[in-house]
Amino acid sequence: THCILVESSYQLPVMTSDVISVTESIEYKTVSVFLVLLVCGVGIVGNIMVVLVVLTTRHMRTPTNCYLVSLAVADLTVLVAAGLPNISDSLVGAWIYGHAGCLGITYFQYLGINVSSCSITAFTVERYIAICHPMRAQTVCTVSRAKRIIAGVWVFPCVYCMLWFFLVDIQVNRDNRVQCGYRVSRDLYLPIYLIDFAIFYVFPLLLAIVLYGLIARILFMSPMPHRADTAATAAVRGTCKESAEPGNKASRPARSRSGVSSRKQVTKMLAVVVILFALLWMPYRTLVLVNSFVATPYLDAWFLLFCRICIYANSAINPVVYNLMSQKFRAAFRGLYRCQEQEVQRRTLSTINTSTSVVRDMLDPSLTDLDKYCYDDSSENGLVEPIMILHLKTEPHGILYRSAF
């Protein structure tokens, strides 16, 4: 198997004959390729739609959605760098991308994973400030600041993940098959993995538990609903730039309640994203941790496949969550689909009009305007329609004939 997200132990071990026989079976290859194609295909399309929706819809450009775009790009990186090479690995049974591919693909795998974790941490902190400190949020939780934070979210993992250039290499196993795996000893890799595990999994989850607990206390258990309404509404106006149009004073309580309801729904959606991140990464993280301390690593082929599918599903499921739990994302997804249909229709009509204009210009200038058309009165709608002709010439008596040139 091909590298970091395929193997689930501290280093690439020698595969047992039982494991090799399972991975080479038709059943395993069929199930593996089908599931990876399905999950990665859905995830790639969904995350691209998230990016397009936020970038092309003005009211969707909020600080929170900026972090979701960062998360979507990170998930795309994981799906492309980890999921798609797994398909060729399942079909061929060996690493086919060479030394440079081993280094580059491993780097982008961990880059996507770590940026995903950092993006989740960033929008968790943003939610906490927006809900629990709405006055501060008006200056802290802005789109411009979110962009600067996202730049840092990407720069730090980009530098950190360069470590993997020195930890992996291609190897030839006992069956003379080329594989991409760890080239360092267990003693060296174990502390590196534990640091990675703590920074990009344990710390984000512990922080999320604490901050979402504080958020829930404000949004769902506040003994002063009017104060919570005011704070949440101020956060909506100040941080997300989504304030309602001016109206009469009687409508303000309704807008305030609507703002609180919207903030609750967004918070629930983001909490679900964090929970799915924890659950879907847990099998792989747990297995790697256990295998790092046992003498004989657990390498059941079907369980390894399950761990990989969970990782790919984590990167693919977020757009589905947005569509199910956010009315604004649902409407934006529909709007994007309609815009694509309208754009196709507009281009088709433009092409037809341009072609007709070109044909008219190509007609012999000696013809009159009426003579520049050959008409077909047999159309189904009963109207006389022009027949497009590439080039026409006239006889001295004005009879049209088709030129062979």
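All residue numbers here begin at 1 and follow the chain in the order shown.
The backbone N, Cα and C atoms fix where each Cβ goes, glycine too.
The shown structure was predicted, so the numbers you read here are calculated from the model rather than taken from an experiment.
Among the features that TrEMBL reports, domain 'G-protein coupled receptors family 1 profile' is placed at 46-322.
Taken from TrEMBL, the feature transmembrane segment covers 31-55 (among others).
The annotation transmembrane segment is assigned in TrEMBL to 67-87 (among others). Note on the transmembrane segment (67-87): residues 2-6, 32-33, 36-37, 39-40, 43-44, 47-48, 50-51, 54-55, 97, 101, 105, 108-109, 111-113, 115-116, 119-120, 122-123, 126, 146, 149-150, 153-154, 273, 308, 311-312, 314-316, 318-319, 322 of its chain, located 6 or more positions outside it, place their CB under 8 angstroms from a CB of the stretch.
The annotation transmembrane segment is assigned in TrEMBL to 107-129 (among others). A Cβ distance under 8 Å defines the sequence-distant neighbours of the transmembrane segment (107-129), meaning residues of its chain 6+ beyond its ends; these are 3-5, 63-64, 67-68, 70-71, 73-78, 80-82, 136-137, 140-141, 146, 149-150, 153-154, 156-158, 160-162, 164-165, 196, 200-201, 203-204, 207-208, 211-212, 214-215, 266-267, 270, 273-274, 277, 315.
As annotated by TrEMBL, transmembrane segment applies to 149-168 (among others).
Within its own chain, the transmembrane segment (188-215) has Cβ neighbours under 8 Å at 10-11, 110, 113-114, 117-118, 120-121, 124-125, 127-128, 131-132, 163, 167, 182, 267, 271, 274, 277-278, 281, 285, 288-289, 292, counting only residues six or more beyond its boundaries. The transmembrane segment annotation in TrEMBL covers 188-215 (among others).
Per TrEMBL, the feature transmembrane segment maps to 265-282 (among others).
TrEMBL lists 302-324 (among others) with the feature transmembrane segment.
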Positions on the same chain near the transmembrane segment (149-168), where near means CB under 8 A and six or more residues out: 3-4, 66-67, 70, 102-103, 106-107, 110-111, 114-115, 118-119, 122, 180-184, 189, 192
Outside the transmembrane segment (302-324), six or more residues from its ends: residues with CB under 8 Å to it: 1, 5-8, 22, 28, 31-32, 35-36, 39-40, 42-44, 46-47, 49-50, 68, 71-72, 74-76, 78-79, 82-83, 86, 112, 116, 269, 272-273, 276-277, 280-281, 283-284, 287, 330, 333
